[in-house]
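In what follows, a single structure is set out as structure tokens and then discussed.
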């Protein structure tokens, strides 16, 4: 009944066809709404002239995307290019000092962009958490780190620390909160790893190297200190076969995705439309549901591009960074709903797995999830939307364990059915999981009113036609995802070869003495047979 359960090919072809037509249909609705309402008063502040020769305007509502890939792309590319250049020179001349070069360059880059007062603020937090880590009391390090992190989320501490940073350029606030937040998480990782070290303590210079590594400093992702320490101090810098080719391909893919998003912003205003509640109430159910889904897909694309560019640079430095976030399209289980894999690995190592053990006990799992989402609330900043998002995600994660325990009891445990039937039944339950995840993340990314409107159209006002159609399309999507996961599972863990057939019984009398023996059949190489 596992992940390798297969379905007939004609059934999978049907699911893929329905899913493709549904995506095209939803995109056409959103494109029509965007074109027919381009001159609305509420659109004037965010929909601005784009392609003059084609007469298309561009959605500029996402300030983060516009700053990264329009206004400040030259500054970001310049800083990262300098990092790559100095890192390459150091790796050619003095490999043993490359981590020190990363520290010096990162410190100078942060100093140049944010000023010496900001660097002093960051250093003060590093020194504080390093001092606490020398005591080697785990709960004390954790409590100090969370209290320090809360000072960037609660008043009056936020305003007091922001005043240290001078300047009025647009990116200042993003760089301030990004650098400070990720600094505290990295310092906590260092402190907790120092508590686990049996012989002595890590040097404070190792903490500074870890924290001021420029590609990770402002925007992440977070690599836990134990992994960074091993990889950055590795002296063997040989690359695997075709590794540089793969890095180049990834860079080209990220550039292509940026161009595709720029094109789509001229035809579908998926960021601007959710801010106009009056327009949303007049949209069709199908367009509204598609808009919620495409909003989440776009947010994943934005994060994947940002983390992808940073990961490409870190891979040039012979590091193995956390993977980009998993696409919302691939999420139908609450246990996999992690937006940032770096934060997810951090939380799992220091909170979730530490408290939850093997995640079989219901009470331990409840305590582990409550503590994990408690830390997440502090990381994101406590507000009504974050609290509601955390509550429902915490409930969904525990509800999955409760259902697993329930169906492992009799008479369900003794029920026998084919693997294909089990896969279809599980997909039906996953449909409701999928839309729960979509609605919870819509609440976090857009607004409570938009999430409530989508839920109302999907389950109340659109019932039964819209509900049944959307659920069937979602069912097709989940089956396509499961098929992709099945093929990957067969690659990662191939099925064992069947035992060879027994030799055939003799059909004639024994051969006379002196007769030549029959030629033995050729022995098949197991690896070749498996590949065949």
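In case you wondered, yes, glycine gets a Cβ from its N, Cα and C as well.
Caution: TrEMBL annotation is automatic and unverified by curators.
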Here TrEMBL annotates transmembrane segment, and of 42-64, 65-87 the range meant is 65-87
Residues outside the transmembrane segment (458-478) whose C-beta sits under 8 Å from one of its C-beta atoms, at least 6 past its ends, are 14-16, 18-19, 22, 285-286, 289, 329, 332, 427-428, 430-431, 434-435
The answer for the transmembrane segment (291-313), taking Cβ pairs under 8 Å and residues 6+ beyond its ends, is 26-27, 30, 62, 64-65, 68, 80, 83-84, 215-216, 219-221, 247, 250-251, 253-254, 257-258, 261, 268, 270-271, 273-274, 280, 283, 321-325, 327-329, 339-340, 438-439, 441-442, 445-446, 450-451, 454
* Could you tell me whether the transmembrane segment (212-230) and the transmembrane segment (65-87) are in contact, taking contact to mean 3+ Cβ pairs under 8 Å with a sequence separation of 6 or more? => yes
With the greatest number of Cβ pairs under 8 Å to the transmembrane segment (427-446), the stretch among 99-121, 212-230, 386-407 is 386-407
